[in-house]
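Visitor: Below you will find the structure I want to go over with you.
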């Protein structure tokens, strides 16, 4: 991570940390860096989610892009993976998404995609950061015909929807409950599943700029669980604010997380001989029960650091086609280059339809170990140094010794927020509470803000 870029772009409280001034500079400097090798006029696609700050930051970002001669295609409200898809298939120079994903409405973020549809690598981000930190802006300032132009491109949304539909099958007879988080999926998920002939019900589809992720979506699936039970739905599908992740709910109203979703899709692909190298890429946060289920099926796993960008890096490097995170980021590289909640939802319903199995039956093949995650608010400059605090390092070592290999502990900084995350897995809820609470108490005493 750099000074400005975290694991998922630049994020902060809108108009306080992520200001219009910074958005303008990101547009100007980011656009310049990403268009250096273009022979024709560069084209950049820009989209946003439904946050009230989105239009403010969009306007500033676009102004910065136009100031270095870039032709900007304004997509409006669109899922993050929609930007990735359109950049790649329409041969644009780059794409930019304005969103803070699952964060609350007061936050926002800006992330860039290269011409290949992948998120920027560290080197490109450092180039942009160097320009941000320069004492003087020495970039060219074209005038008249050298300035960029702005093109409204609402048809991009429908192109993404049609692509999504092309990856699925007819869902006639399937009752699907959708929670679009009052976010970007509001613009597309309903249309996609209607076109696939599903019998749908929808919540979280009334965005007002302030209610994105507020009690709805993949981080708050309780309303969706109730809806599934009340309506007798076959499946519930909860997206986050920018629709790059999915959490599912089975017909009994039980949560099916990213680990179980990856297992279901991975086993389906493996059985068909379509899982590249018979391997799923996952992170250190994946559940031990997921690992055991993969071992039982003879499916290999590759483990990365937390963050979908690291999953994607490993997939690209080694030629894998399925990977993701417990949080619901699932990357299906046969179709798209980034986590895509709606694509994942379509593939999950396809497995149900083709196998004739209920989601609960498919998910029951993974027995999840009790896991507890506690977020502790700390100073941003301390979250990466926590393990250097002797008392914290000592208590973690003590708890790991007590586990004696029957469980695990993971303490790591958030890539996007001023938080230290303490996670443990163990055979019982009582044990996992003990391990996490003991460590968390020491962290709070030593460096916590609350």
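Count begins at 1; order follows the chain as displayed.
Every residue gets a Cβ built from N, Cα and C, even glycine.
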Visitor: Need a hand: Swiss-Prot gives 240, 242, 244 for Mg(2+), which of 93, 101, 115 is also on that list?
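Guide: My reading of Swiss-Prot gives 101 as the candidate in that site.
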Visitor: Quick check: with 101, 240, 242, 244 left out, which same-chain residues have Cβ atoms within 8 Å of the centroid of the Mg(2+) site Cβ atoms?
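Guide: Apart from 101, 240, 242, 244, the close residues are 49, 79, 80, 99, 102, 183, 184, 239, 241, 243, 245, 339, 341.
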Visitor: By a simple count, how many Cβ atoms lie within 10 Å of the Cβ of residue 244 (Mg(2+) binding site), its own Cβ left out?
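Guide: By my count, 34.
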Visitor: If I restrict to non-local contacts, at least six residues apart, and a C-beta distance under 8 angstroms, what lies near residue 240 (Mg(2+) binding site) in its own chain?
Guide: 101, 102, 181, 183, 213, 217, 218, 219, 328, 341
Visitor: Are there residues of the same chain, six or more positions away from residue 242 (Mg(2+) binding site), whose CB falls under 8 angstroms from its CB, and which are they?
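Guide: Looking at Cβ-Cβ distances below 8 Å from residue 242 (Mg(2+) binding site), excluding near sequence neighbours, one finds 49, 79, 80, 97, 99, 101, 183, 184.
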